[in-house]
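Asker: These came from Swiss-Prot, pasted as-is:
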- 1-19: signal peptide (SIGNAL)
- N62: N-linked glycosylation site (CARBOHYD)
- N116: N-linked glycosylation site (CARBOHYD)
- N284: N-linked glycosylation site (CARBOHYD)
- N309: N-linked glycosylation site (CARBOHYD)
- 320-355: coiled coil (COILED)
- N376: N-linked glycosylation site (CARBOHYD)
- N471: N-linked glycosylation site (CARBOHYD)
- N520: N-linked glycosylation site (CARBOHYD)
- N533: GPI-anchor amidated asparagine (LIPID)
Amino acid sequence: MKFSTVFTAIFALGTAVSAQQVVTPASDPLALELSQRNLDKLYELQERDLFSIVEGLFSSINYTSILDSIDYESIAGWTNNLLVENNNIEYLDNILNFLGDTDLVPFAVSYLLSNNETRNIVGEVVIEALPLIKDIDPTPIFVALKNSGLAYVLVADLIKNPNTVPFVKQVVVDLLDEGSFGLGDLFGGSSEATTTAVAIDSLATINTNIDLTVAAAPTTKAQSIGSIDTASLAVLFSEARTANGNGATKVANTVAVTAQVTAQVTNVGTTAKATKAVATGEINYSGITGPAYESLPPTQFGSVPTSINYSALSQISGALRKREYNDAVEAALRDIQKREEGIDDVEIALRKMKRDNIEDLLTTIFASVARSNLLNTTIQYLVTDQRFESTVVELLQGVFENIGSTLTGILDTDWSALQPLVSSLLNSGLLTDFISRAFNDDELKAVLWNDITSIFKRDMAFRDEIVKRSNGTITSLPVSDFITGVATETSALDGADGTLSSLDVTAFINTVSHSFITSNASSSAVITIQSDNAGSSYGPGFYSTIFAVFGLFAMMI
């Protein structure tokens, strides 16, 4: 037993050593390569399985039910109470001011719009989110914008910023230089249309005859709807009387029947009479006789006059309507209906209270944004950022290059879907509040007036400043514009290749003024400048200013 145990152990050890020597890189590299390949496939399978598991996990989650189960109104009310109590809103103000000081928000906006990949992602997100807007009630948002004044502050800060008009003008100039107004697609473009002609019958050849088969005569007769022989009606009445045992003489097929109906309205009722039915036979249709609620046998049809008393019918129906039923079931139903009306009133009140929670929270947040410097710094960053300006030009180029399809898409849009949005906007009072604030803002009116005058009267101001100079100084004209206008005429003043790099600005202005006063010649530099700027200039600068004005008004809207 002991010898067999030792022998078995030695044999197992030798087998293990021999197996280790077989699987070595030197002895079997192919086996190692296969093993590495199998490991790669195993990793791929494991990665694929992991993705499938994650995908299945996300697909099994019902996001709609989760979102619907969230009580947003209660959460909004709790959050608003947390912000307004103990003046905790100061923390939100500090956070927004910090974001404004770091320029993080405008940098993110500029980067997302200037980068092609991120811009495409933003566009896809916006397109996917548009259908969800119709399921959201925008009234709390509009009311919060009005109560907080955020909408007006945004537009007013944009207009009051001194860099807004130069930004708009530069965008328009870049568009004009690039020739991006692709109006050819709208006015001069070519289009092809294929029309398939459908063969239809002319109205003159449409058969309007409808055949009616009258089975009262000895033989079947087909007659047109436009030429029906009224004698067939007499035949029908005659056959009806024959079927009920009255053997009166049948009316001939060629009988001419004349019917006259008169209606008489009195306080008692209305009498309907059918008179003057004369034929070659014995039948005389005088009228219908009998009470209104009593049926008349066919054998008595047309025998004696009949008076239909509609007043009696109205009295009966009125009595039935006024009758009260002592029904326990109906009383219980009325009681339940009253309770449901009370429950509906409570639900409406709760719904309004919950909607007020959302409005209060949005108003609190929007008011904090309006108080902070976030809007002002964001606008200042964007209107002075060259990358953002290039992005705006690029986006407008794409719009104008496809203006034909853009207008077609606008015309084909179902604008009726925006009716709830427009109604919410009008009912919120945001527009009236915005207009009222604008009319009462003296600073805004002054800025608008200065912007308009600076655009349309730039050349006049330039000329007036030169003419009105009295002490060699310029009061309101930018010195850079003045130097740019006269630099080409003053090469002799500096003596260094016609530039003003080394000439003092005050000395330069005094020199020009002294030259104008002493020489009084028509060839002076100032007079040359005046003659060049006299009249109205309709060059590219004029058109660019016009487009800049339109762009400014568009941004205001």
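Quick reminder: no glycine exception, Cβ is built from N, Cα and C everywhere.
Describe the structural surroundings of these features, if you would.
Answerer: For the recorded site, N62 (N-linked glycosylation site), the DSSP three-state label reads coil.
N116 (N-linked glycosylation site): 8 other CB atoms within 10 A of its CB, across all protein chains.
DSSP assigns N376 (N-linked glycosylation site) to a helix in the three-state reduction.
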Asker: Here are some glycosylation sites: N62, N376. Which one has the most Cβ atoms within 10 Å of its Cβ?
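Answerer: Per the Cβ count within 10 Å, the most buried is N376.
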Asker: For the coiled coil (320-355), what's the mean pLDDT in this predicted model?
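Answerer: When the pLDDT values over the coiled coil (320-355) are averaged, the result is 63.
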Asker: Take the C-alpha atoms of N116 (N-linked glycosylation site) and N376 (N-linked glycosylation site) and report the distance between them in angstrom, rounded.
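Answerer: So the Cα of N376 (N-linked glycosylation site) lies 27 Å away from that of N116 (N-linked glycosylation site).
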